[in-house]
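Pulled from TrEMBL, these are the features on record:
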DOMAIN    A:1-101  domain 'HPt'
MOD_RES   A:His44  phosphohistidine
DOMAIN    A:147-398  domain 'Histidine kinase'
DOMAIN    A:400-536  domain 'CheW-like'
Amino acid sequence: MDDLLADFVAETREMLEAIEGELVAWESEPSDRARLDAIFRFVHTVKGNCGFFDFPRLEKLSHSAEGALAEVRAGRRHPDSRLVSAVLAIIDRIMQMTNAIEAGEEMPAQGDEFLIAALEPDASDVGEIAAMQSGESAAKSNEAGPSAPRTIRLPVELLDRVMSGVSDMVLARNDLARRLRESGAEPTLDGPFERLSGILGDVREAVTKMRMQRIEHLYNALPRLVRDLSADLGKQVMVDFEGGAVELDREMIEMIRDPIVHLIRNAVDHGIEAPAVRRAAGKREIGMLTIAARQSGNRISIVITDDGGGLSTAKIGAKAVSNGLITQSELDVMPDSAISDLIFEAGLSTADEVSAISGRGVGMDVVRANIEKIGGTISVSSNPGEGTMFFLQIPLTLSIISALTVSVQGQRFAIPQSFVEEIAHGASANIEFSQVGDSDLVTFRGKRIPCLSLDNVLELGQRRAARDQRLVLLRLGSGGLFALGVDRIHDQEDLVIKPLAPAVMQTGAYAGTTLLDDGSPVLMLDIATIAQQAGLITDSRARPAQASAPVKAAAEAERRSIMTFVALDGRKRAIDLGLVSRIDLVDASAIDIDAGRSQVVVDDRIMKLVGVGCAQITDEKVKLLRLSDSETDIAYAVAELGESIDISTDLAPAEGDETIEGVALIDGQPVPVVDGFRLFSGNQHQQSRDSRPLCRLPEGDEWVERMLKPMVSAAGYAIATGEDETADVVIALEGTPPDVADLKAGRLITIHADPAKAGNDKHEVYRYDRDGLIEALRSARLGKAS
Amino acid sequence: MNELIVLLHIDDRRVAIPAAEVQSVIELEDIYPVPRAPDFVVGLTAMRSRSLTVIDCRRALGIAGETATGERAPVVEIAGHLYALLVDAVDDVIETQSDIRPVAGGFGKEWQRVARGMVETDRGPTLLINASLLIEGPVARAA
């Protein structure tokens, strides 16, 4: 039996178990509205689920039971004992059929029509007899029992307990690790402790997996549903899924399955118009249905969009008035959005005809009830003629979150990694700060992004966004982007998030707390709420005004390729792909490491070898990245090769480590990028200052100071400072000819901001073309005319 | 009726909470402040790899002034959250010698909110307080 069917059977059985008590109670008190509603929802859900599968009899049964109960709900019919028995008989039959489906048997003998007939108000006693018979056979089939289970179903609370136990163990382990470190414990403890850590890691992973499922699991069933529905209705609907990899709690998936199926049925049935109508409205005949899931912090947002006719507020309003939900005078003063929200009220359906697919006005109140039960929210927005969007926000009970730790004024905070788009240094050349009124903006890659300072957000003091901050660029669930200025960015780690005390929760700034490895508690920032409090939710994507300075042409080209690898010390690093000329595999015997000197023989040439550090070479073969600056080759020994990735040039600075150019954020992981220029400069024969060629740079330009100067001096040039020095090479920026009298032919390099203008000539270099610049420097120094 | 209680001092008054509610008494070490939290929330601290919310009882009662830190603090668990109560002193664990009784005229405006009643002990009458009301902090007074 396939998984879907098994789910269906299990779910139906569970629901039935849940309402079993209600059934009995309803029998004794048929006018009890709450019980009636619960039973009604059951048959409605069964009917809905049948939409996945081809169970016409089951669907027919549940549809007729639903119909009879709807009459009762509407007050048009009194629930007499005969109706109650008939409904109970149908529910018994549903159970029988479910058992048969599970066992893979044929459906029990016919007889459905009697059961359905018994629901009719004027039904004879035939119904009752049929009901009794059905009851007997139900009892019989129960004796046979369901087939032996291949899996076990566990209460989620049990999993929760295991999960929280494991989380506590992780924290206790961290605490122990810290204490062992502090007390300088005996080395004999290290082995067992490492083993404990390893096992704990495995267990944690397994427990997490136990509870997690990709939302894909839910998606899988939907195309078929949409296809069958649209075929029934003579519509054409294309369905598109996004974010299938978003993982959420298994229980959560179960909880949102019904609501989502309801919403999709409604979208196909009521939202998307018939092809002819669509054509007349100038739309494509094929309707689009999009379901997008996204994890934002501790919540999952799911957006279901259709490009159908949208909600008709006039119709909803009229219906709500006629159903007595609101009065006409209330309706008159209601804004459109409030009218749209009425669809979530019980007993409202705008469809003109009741169909088997949806439209008894139960769908939406059931949807809302189910979503709210799990602590989620649902809202709708609609544009007449353009379509409808349903926004679902589901909490993520998952308690381990990958987070970035930052600090401000010495206090640490965690930011869920899912929000983090990029990290940048405030002092980086392509970031500009500006102020509009009291608000700070940063301009980054041609976009103006609102910038909050964490100091202000947390009321730790007033400050403006400035260059001494690090910026964390955060992407909100709604797609908006904003920057958060912090003092330092520390680390990225998996944190076990615990709920906060209500008094702390009230602040709205935090989503949870956790203990870091050193035992100190750290608060997890609630990014969505912070953005909302700052008023950034709606208007965060303001483009630079047309009148503002033209976006730097370089913005687009500011991406470069790097290659990741695992160094011999096991750490992940990256290097500029432009430097890598080839990859070699050499025998360990070709490597010669001596005190302070390491060399390798490749293709009968002796090369400098770097990247070995003090690591021992144990493998027989060693992978080498052959780096070339077009003059010298250097071999970089690596343990494993990674991939080449395009990144932004904006690396976070690597504090205190001069061999690192900066730290790139790759797939949420910080990866240090090896400074290629330093590698080469460090491997040249050290020239004394006097013998170094002199290079004159343009003065007073920030980019030159920050970028060009270090690059040129790393390439082995002295920078001319005084007016009287005669430079070997002169570098000028485009449009600003150098003010130098002694310029020799062929010794001028011009830097262009526009890559299109560079490249015609060896001495016309684009500002981020490092290799080009090095080559130009070399040829200019030799005085070669190009 | 003889119940074990933990005697505490808050604002120079002798109060008590049932010993059954007190998980342990810890020495407060580092307290990490929580920006933007109400003033009676002093911060977070860690105990046996769990994080605790530290509550200044004096402020939670709405009494001016600040409780000196550095003393021992009783830890209570309320609705699944652990709280460390910052008090002037933790005295002793003793037995009550009477039922909980009201006092005519109440216990005073700050104390009335959290009071369960008075109990007799061998140290004299003691105010028994409800920790779960205490940690809610002073109720915003209606204007």
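Glycine too: its Cβ is placed from the backbone N, Cα and C atoms.
No curator has checked TrEMBL annotations; they are predicted automatically.
Remark: secondary structure over the domain 'HPt' (A:1-101) totals 83 helix, 0 strand, 18 coil, with classes taken from DSSP. Across the domain 'CheW-like' (A:400-536), DSSP classifies residues as 18 helix, 73 strand, 46 coil. In the predicted model, the domain 'CheW-like' (A:400-536) has a mean pLDDT of 81. There are 24 other CB atoms within 10 A of the CB of the residue listed as 'phosphohistidine', with all protein chains counted.
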